[in-house]
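Features as listed in TrEMBL:
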- 209-219: compositional bias 'Basic and acidic residues' (COMPBIAS)
- 521-535: compositional bias 'Pro residues' (COMPBIAS)
- 545-561: compositional bias 'Low complexity' (COMPBIAS)
- 7-65: domain 'RNA polymerase III subunit RPC82-related helix-turn-helix' (DOMAIN)
- 146-343: domain 'RNA polymerase III Rpc82 C -terminal' (DOMAIN)
- 348-424: domain 'DNA-directed RNA polymerase III subunit RPC3 winged-helix' (DOMAIN)
- 161-230: region 'Disordered' (REGION)
- 504-561: region 'Disordered' (REGION)
């Protein structure tokens, strides 16, 4: 864990969950697994505050607990999961693209709460959709429930580990959570009948019955616990990453060949998306006949043309598609690891060309193809003068885009009797770029916080003026009165607000987070989730900004829902 990643984790925890959770989470990221007693002493917080902060982290899968051999319970932060907060807007936008507004809100609610029961998520989303509809229209629970089932069928949401029904032995200091893989995506049968409700305004409450009577009536008719009480669901981030990976592979095939080839690869990935693990090197073998039957209806190509396309894809030097057998008209697989390696290499080549120019990119591609070359060989093969080739190699070496490997002729490693070979370590270079992205995001977040803090008074004044204008427009004020209120903000202040808005928009992190396609190339699969349902989390609201989403406000981290 680099210092840039630790800093970014700290900023993300502070922005989304508050200062208390940030202090506990940052200590766990820096120091590793810690017992509760050490957390209280090192953070300087009270025992109750540390417990609530751990509940928030466990609820959002940002920390895990374990039972060491020496006894007690230790808590450990999941730093890679904290960094995934950057991708929350992209997960929400992907759900909107696949399943519309209902799928978008379901994924958003699960991300905001960490874990939820299906019934609670369905009711909350139905209420939110009803609020946006015209008067007299409501959202049926059954429609939202069907979308939830579709999310579970495609493994975009999954069950959380639960306590075993029959505990074995005496209870220990911490529960042991289990999850049956067969039940991980099984949706319970619920009788969710009803429609979304609109929130009553203050005027409606005043006109209706008194609040005391209403609370008493609600207390007398308390509802029984839901049918799925204790069955919690969470977003399957690895499945979303698999979807992003498949999109990148299909796009790369379309750019290299044509749209029909990309649609064939898309069909192969769609057929094996549920049966193939996220870290598998290959997809499940598919026969040519199965692929032909699963093609979209709009692609009216013959079986012979499909076989020709599959042969071209299998013979391509990039080897995105491989042939694994001849049965069923030919068995084909998508080589996921080679595809990710090719995407990472193409990204590196593009960055080198943008930063150092076309000649450096020529040397970089030459090293990728030849693996190891001496400086004289680089000059000859790249057809670049010796002085320029030396400068370019040293520039890329100083930036860690190329590496230098020493091969001594004698044990004393004398420079005169040593070969110096230049090479490219693609995983190391990709990891270096990812860490630079993390550092850039952390700097942007700090700059945004600084700009907001420096102009706090002006922002509060602007919000007050906007609130006054909104209330006057609602009461039907005249244009002259509105103009007078708008003039409360002077021209220099208005210009300062525009500059602040422009600077903050520049510093907003993109919806996709960092990493893109090369990131899964060197990231191992995440460990199984093991956090129990605990403290109800703080809420983060997300607002739409062009094609991405970003957080707009955060509730205090210590307050329950």
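Counting begins at 1 with the first residue displayed.
Using N, Cα and C of the backbone, Cβ positions are placed for all residues, glycine too.
Residues of the domain 'DNA-directed RNA polymerase III subunit RPC3 winged-helix' (348-424) grouped by DSSP class, helix first, strand second and coil last, total 46 helix, 13 strand, 18 coil. Across the domain 'DNA-directed RNA polymerase III subunit RPC3 winged-helix' (348-424), the prediction's mean pLDDT works out to 90. Counting residues per DSSP class in helix, strand and coil order gives 45 helix, 5 strand, 9 coil for the domain 'RNA polymerase III subunit RPC82-related helix-turn-helix' (7-65).
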